[in-house]
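Have a look at the structure below before the remarks.
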Amino acid sequence: MLMLFLTVAMVHIVALMSPGPDFFFVSQTAVSRSRKEAMMGVLGITCGVMVWAGIALLGLHLIIEKMAWLHTLIMVGGGLYLCWMGYQMLRGALKKEAVSAPAPQVELAKSGRSFLKGLLTNLANPKAIIYFGSVFSLFVGDNVGTTARWGIFALIIVETLAWFTVVASLFALPQMRRGYQRLAKWIDGFAGALFAGFGIHLIISR
């Protein structure tokens, strides 16, 4: 049983370390706003993971995969949201002026808004359900009891929270924030282009 938990932990940490919408959202929020705002986003992302992992654990992902119209709707909806996030970042990057003072800090978003953005960013990537469905199908067979199943679920949640806490803390360091202030326009533009790219990829790959 210990090997099962270690295997799932290794698979999930590799998946977490692969840069995606969640990573870029947390890092961009931490470096441009604050660690507190980024952590609220992390909590939102973690709640999103709870939803996807819970659906996979209960086997509901099989229903979604069989209902082609629902799967397409989720993919297109998620893609459009990521495109919208990318548009907002690109628009903000174009409006930024080359000033040394950290002007964006005056207009910090509400914590609830960062939480919601983190949650929606994660839920906007329906490929997560394919990932979690694969994990539970491969490693959680009929011989694995209910307690162990929910133990793996808890492991995934804790691991997600821990990883993105590290990301938020790293990108909120003063050195990182000073570097961001010098290159804010380019960093936000790059992040916006990535989000738009993720969104377009979801839509065309449905």
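Just so you know, glycine gets a Cβ as well, placed from its N, Cα and C.
When Cβ-Cβ distances below 8 Å are used as the criterion, the topological domain 'Periplasmic' (22-43) is approached by residues 85, 89, 104-105, 108-109, 111-112, 114-115, 117-118, 121-122, 125, 161, 164-165, 167-172, 176-177, 179-180, 184, 187-188, 191, 194-195 of the same chain, each at least six residues removed from its ends. The topological domain 'Periplasmic' annotation in Swiss-Prot covers 22-43 (among others).
Residues or ranges marked as topological domain 'Periplasmic' by Swiss-Prot: 88-149 (among others).
Applying DSSP to the topological domain 'Cytoplasmic' (174-206) sorts its residues as follows: 31 helix, 0 strand, 2 coil. The topological domain 'Cytoplasmic' annotation in Swiss-Prot covers 174-206, and the record cites sequence analysis as its basis.
For the transmembrane segment (1-21), the list of distant contacts is 82, 85, 121-122, 124-125, 131, 135, 139, 144, 148, 151-152, 155-156, 159-160, 163-164, 195, 198: same-chain residues at least six beyond its ends, Cβ to Cβ under 8 Å. What Swiss-Prot records for 1-21 (among others) is transmembrane segment.
Swiss-Prot lists 44-64 (among others) with the feature transmembrane segment. For the transmembrane segment (44-64), the residues of the chain that approach it from at least six positions outside its boundaries are 22, 25-26, 70-71, 74, 114-123, 128-133, 135-136, 140, 149-150, 153, 156-157, 160-161, 164, judged by C-beta separation under 8 angstroms.
Among the features that Swiss-Prot reports, transmembrane segment is placed at 67-87 (among others).
What Swiss-Prot lists as transmembrane segment is 150-173 (among others), and the listing cites sequence analysis.
Among residues of the same chain six or more beyond the topological domain 'Cytoplasmic' (174-206), those with a C-beta under 8 A of the stretch's C-beta atoms are 20-21, 24, 28, 30-32, 71-72, 75-76, 78-94, 96, 98, 100, 102, 104, 124-127. Secondary structure of the topological domain 'Periplasmic' (22-43) per DSSP, as helix, strand and coil residue counts: 20 helix, 0 strand, 2 coil.
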